[in-house]
Amino acid sequence: MLTEILPIIGAFILSMTCGAFFIPSVLKFCKKKKLYDIPTLRKVHSAPIPRLGGIAFIPSMMISAVAVLLIIATNNIQDKISLSMWSVGFILSLSIIYSVGIIDDLIGLNAKVKFVAQILAASIMPICGLQINDLYGLFGIYKIPSSIGIPLTIFTFVFIDNALNLIDGIDGLATSLSIIALLGFFYCFIPYNLIAYEVMIAGLVGVLTVYLYYNMWGKVEKGTKIFMGDSGSLTLGFFLAFLFVKAIAVNPNIMPMSPRRVLIAYSLLIIPTFDVVRVVLHRIRNRKPIFDADKSHIHHKILAMGYNQHYTLFIIILLTLAFIGTNVILGNMSVGLTGILLIDIALYTMLHIGINQKIKLKKEVEK
């Protein structure tokens, strides 16, 4: 038991240490090069803030994960740690997304260029053998052929990646939702002794914990506040998409079919994924380009109700945990995945109707 826990703790602590070194260094670099996120009407911050915090995520995670895995291999804690084609494809894909995020933070990239890069990176995964091959009875569908699974896998990667990127609008939101999701995926992988995934997750949670401190409690006037930028949100989104596809892809030799695992994996990402669907539909209905930014995301709407950023974050975290808990209970009651999805859509719709009514009432009172 101890030999299983120590690598996880080690990866977490080592990544925190790396983050505590990298993030202040990034802050100094941003100040020197004047790389700031400038306030606009769409954004909620009112002063220029360094935006390259996400650069620290991948180095911190990889240093901690590689160090721990090398120690494990050297001490024979596990028979072997294999590097599958999935892993190679993931590293290559993540490197593409990470590079695109950095370039966007440094010089800016057109949304369509980023979209093409996401499709390219996502396409590598099914080529390397990782693809969705079963829908677990969703709308009566179980096993699916590669002709459907491959484009569905690419769509899933791009969809989740953009969902997390777009919800990164207030302090701590994308980070907190990512930590919750990462811990949930960690729980999903524990029964299968996937040590490489476990230490990567622990490493990413470690550096995110350090980043969360600087992002939420850093002071603008002291120069200690930082945003993750696209180098962070795109990378996090892609990593979560990888874990999601890994969790639901059926591989009898590694992770046999498990409806409960699929249910948890889906539930972990409800808030960002449902939000991006609602926002896209809202823009289409109002005949606005879907790539144009606006203030229609869930955090914008809760802020419009009169709550501050920290309270808005608290509300969204509670909503996330409520959806996860509700879905697990429904699953334990033998409600199928289709039924749970329809219930979630109904609950999310009623939630936004209530929020819209509250915003409307607030505006009428202020007149």
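Cβ coordinates come from backbone N, Cα and C, glycine included.
According to TrEMBL, the feature transmembrane segment maps to 6-30, 51-73, 85-103, 115-133, 139-160, 172-189, 195-214, 226-250, 262-281, 311-330, 336-355. Among the features that TrEMBL reports, Mg(2+) binding site is placed at ASN165, ASP230.
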Cβ-based contact of the transmembrane segment (115-133) with the transmembrane segment (226-250), 3 or more pairs under 8 Å: yes
The transmembrane segment (85-103) versus listed stretches 6-30, 51-73, 226-250: most Cβ pairs under 8 Å: 226-250
Among ASN165, ASP230 [binding-site residues], residue with fewest other Cβ within 10 Å: ASN165
Two-stretch contact, the transmembrane segment (51-73) and the transmembrane segment (262-281), at least three Cβ pairs under 8 Å: no
Stretch with greatest number of CB pairs under 8 Å, the transmembrane segment (195-214) reference, 139-160, 172-189, 226-250, 262-281, 311-330 candidates: 172-189
Cβ pairs under 8 Å between the transmembrane segment (226-250) and the transmembrane segment (311-330), at least three: no
Positions on the same chain near the transmembrane segment (172-189), where near means CB under 8 A and six or more residues out: 164-165, 197-198, 201-202, 204-205, 208-209, 211-212, 215-216, 228, 232-233, 236, 240, 243-244, 247, 261, 264-265, 267-269, 271-272, 299, 309-310, 312-313, 316-317, 320-321, 324
